[in-house]
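Heads up, the thing below is written out as structure tokens.
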Amino acid sequence: MSDDLSRNSNVDYPSTSGVNARYSNSPETTSSIILQDFKNKKIQKTTSSNLETDSNLSKNKATSSFKEKLDAFDAAILSADNFLKSFNKYPNNDKAMSEVVDNVDSNKNEKSRAENNSSSSGSNSSSRCSIETDEDISRDNFDQNSNDFTSKTNLMASTSKMKTLSKSLLHSNSDRGHKRSHQSDSESECEDTAIIIVPSVEEIVDPSYSYIVSDDKIQNFITNGKMIGDDNIVDAYDPTEIDEIINDEIILGTRFYLVKWKNWSKGFNTWERYGSLYKSQKILLKYIENKNKRVDGYLNPIDGTLLMMSRKMITTLFETFKTESGISLPTLLPEDISGLYNSLDVGTMNSQKYKNRSLQYFLPTIVLGYLRQRQLFNLKQWEIEINVVTQDNEIKVENNMDLEGPPDSFVYISEYVPQADIIISDDPPIGCHCKKNCKIPESCCYEMTGCLKAYDKNKNIVVNPGHPVYECNKKCKCSSACTNRVVQLGSKVNVCIYKTRRTGWGVKSTQNIQKGQFVARYIGEIITVEESEDRLRDGLSSIDYTWNLDFNDPQNYKYIIDGTHFANFTRFINHSCSSNLNVYAVWINCLDRNLPQLALFANRDIVAGEQLTTNYFSRIDKNTLKKSGIRCRCDMKNCNGYYF
Ligand SMILES: C[S@@+](CC[C@H](N)C(=O)[O-])C[C@H]1O[C@@H](n2cnc3c(N)ncnc32)[C@H](O)[C@@H]1O
């Protein structure tokens, strides 16, 4: 027998990379849950705030026309507090923090000066964005697309890099004695641009979003602020950074392109304006040429929701809010923003700038927060679903890398799904007669098949990869405690399907695993080689998820495990040139030589948190791999350099 257990890598078809995953929750389901989520959201009152003292707070409450929205106001203060706390998590932010406090003081001083002078505090007309002179959306364009505008909740904001923005925002008030021109303010404000389209109010039926649309100050900011179109603002991206352009949309007269970036996962696709892509003419041309040929639009994995933020902005937001344990966005509601905005309603120049900049900051953050919330919800849903199917071990789902939802473009299964005409027997012709847990080797299954005993007394595998494993089966007289029953008892290893930094979804262990311990079976559809070739040719399966059942005969094997449409978590196990799992062929109740189980065992001790990996190409020549030109990203010292 050979040790040929291999990925289906000898078929000469192009590989489709990654998962074409879109999560399938209907808008209704999602919206009602989000609605519930928002309703359930408990906003606790905070006793201290870095932005406002209690006395100032109550003064504002008393003078504000927002009296009836005290809750929203409190929430705004809490949110600001949360934001400052999360901002503080970042190294080197001490200075910024002290500036925040400075700013608060200066803001308070200005407020009281304004109040003392009985100046035009609370003037609503002053809510117009200070950068409105840079407006570049013509009214015509706006009107032309007004349907777009009303049918969707369009939030548009312009912002600088968050840290820079926060600092410059704070500087504007704390730079007392330094002259700052309006021009330079505008420049820093308009460095990045975002258009954020969340699903329509009708779809979401969410009071908080209706609030955004109905709040005249936010509306005013949205419609009159510096929004889109100034192509000089963002430097054009280097074309070598771009993988491909996959979609386009016109919003308020400006065309946006959805870009898949090289070395960034699909969950990080961003919408970019033509101005940022003008150096990438060839790529744009290719996109336009292929556009009409596409059968099915390659949608943004973020559930078709258009998140129109430049890469600059989205990376900045992620950087700003990334913590060790994930993306920790401040808990903000649109009411919070409005409350905050109104609480700062003092007509002085500086506070006006502060107000506008806080909007520029909070609007993208809130929508990102919304998307994140929805993403987390969907990941959780999927986690629950797959744990219902898998009863043996606990599987977690985690994405702290980007905004992609669950990779549920396949059905989660716990058993092989054979093609219609393939029969996987469940009636072994023979079993052992061992009385007590197979202690008499001669008559036991493995001896009868001429093989070594595969497992030790702890049920850890002890034979080398390539050695066939025959477990005791249903005809055997021994109990389930028999040390020759392992794979059939199911996986006992708890794992997490998670988004890796560079290789898409992966699997990590959430517990320590002993060397030799059984981890899981690779399962999927069992199809014939011919069917597999047809599917690959017609683009109906992805070679990424197929394994050959070629243990018995590497040249003339009959069956393929296709994990494209039906699979378990092992579908997400990535390749490593120095892998920690080995693959074995194991026979249990079906003794057809062409139909073993593929079982993954730890080839060394693995500690909780480590990524689980297999070597897809253990028997493929290094030079053959090089020809593929696809870089391996396993990051191992002994990496072959190429993948496939
Ligand atoms: C079986 S899938 C593994 C799950 C996959 N990461 C996903 O997101 O669905 C194999 C695919 O993962 C990616 N991959 C896995 N290991 C890799 C590696 N070492 N280097 C580069 N890409 C890898 C490749 O895109 C490959 O086609």
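Just so you know, glycine gets a Cβ as well, placed from its N, Cα and C.
TrEMBL entries are annotated by machine, without manual review.
What TrEMBL lists as region 'Disordered' is 1-39 (among others).
The annotation compositional bias 'Polar residues' is assigned in TrEMBL to 7-34 (among others).
Per TrEMBL, the feature compositional bias 'Basic and acidic residues' maps to 105-114.
Here TrEMBL flags 105-154 (among others) as region 'Disordered'.
Residues or ranges marked as compositional bias 'Low complexity' in TrEMBL: 115-130.
Per TrEMBL, the feature compositional bias 'Polar residues' maps to 143-154 (among others).
Annotation comment: TrEMBL describes 169-191 (among others) as region 'Disordered'.
Taken from TrEMBL, the feature domain 'Chromo' applies to 240-291.
The domain 'Pre-SET' annotation in TrEMBL covers 430-490.
Computed over the domain 'SET' (493-617), the whole-number mean pLDDT of the model equals 94. Marked as domain 'SET' by TrEMBL: 493-617.
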Number of helical, extended and coil residues in the domain 'Pre-SET' (430-490), per DSSP: 10 helix, 4 strand, 47 coil
DSSP residue counts for the domain 'Chromo' (240-291), split into helix, strand and coil: 20 helix, 22 strand, 10 coil
Three-state composition of the domain 'SET' (493-617), taking helix and strand from DSSP: 16 helix, 48 strand, 61 coil
